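According to Swiss-Prot, the protein has these features:
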| type | residues | note |
| --- | --- | --- |
| MOD_RES | 2 | N-acetylcysteine |
| MOD_RES | 3 | N-acetylaspartate |
| MOD_RES | 46 | methionine (R)-sulfoxide |
| MOD_RES | 49 | methionine (R)-sulfoxide |
| MOD_RES | 75 | tele-methylhistidine |
| MOD_RES | 86 | N6-methyllysine |
């Protein structure tokens, strides 16, 4: 960007589950921590223990036994602005150790987010943190940049929301975006439920984090769900054991693939929606007939909920079944896709051509928060 160390842009990808933050031009985020704010469940007994009234991120996670944990971002939308400010404050001052008033800041948001949401983000950045400039980018578009493409369809599945976003020459096609409020957190909840049927009880916010870990370590997507169920019923070859923090060992079998199967069959959790393979197909079908071929050949997976082993093969199989038989279909699953939104942001914010795109403090002062709709596409 420049030889000046001072003006590196900051990139902050605020996910429903994890905040990924760092400096533009880096190849990975410096700070990755849970988007959690925890408050003590009980009044502190011991005087002088210096108990804080709130904890953020990893500290909240490690003290989860005595805290009530809340996620300020639900389904990709910020629902609790006070907590969100705490998270940003923690990001700038404790994790990155920078003064936000010295750095342009790139934030990300989910496609089809309410307009008021990005206005409020803009307002807080300029008024609370006094950033010199900022920009709000759409997550899926950044993931596509990170994969080195400007055209393709992104399946972005995070902790709070899943989308299929067709992008052509760098622009998202809003009329064809499919949004599904079914993502990692719902899968964790579903796994909690089906483990209960096995006789293991997980209820508190702290225990939910244990189940999330089980999900991340042991779950996978079956290529053929019925076959896999039959295999699981007739042999114990698919069973795996997991040691809980208290030393108890639990065994998990068909739950390993029943949990992420929900992505393809949302009826498992009582949702009437189509699965991610169908929404991808529907999204492509809403696009102009001339660009469909390019979209089919560039299905890019992004986000933590696409990290399940077997998901790319299953998507390939399902979309091939829906698409015209002569169509070439390619699923791209970059190994770093957990962070591809952040990486795309890092690339974008360090491009020389992007520097005129920032919303400056001056522009904000003249036009107010609504400037974000004019400048950020």
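Every residue gets a Cβ built from N, Cα and C, even glycine.
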Check: What residues, ordered by sequence, lie under 8 A Cβ-to-Cβ from residue 75 (tele-methylhistidine) and sit at least six positions away in the same chain?
Finding: 16, 110, 160, 161, 181, 183
Check: What are the non-local neighbours of residue 86 (N6-methyllysine), defined as same-chain residues 6+ apart in sequence with CB under 8 A from its CB?
Finding: 37, 54, 56
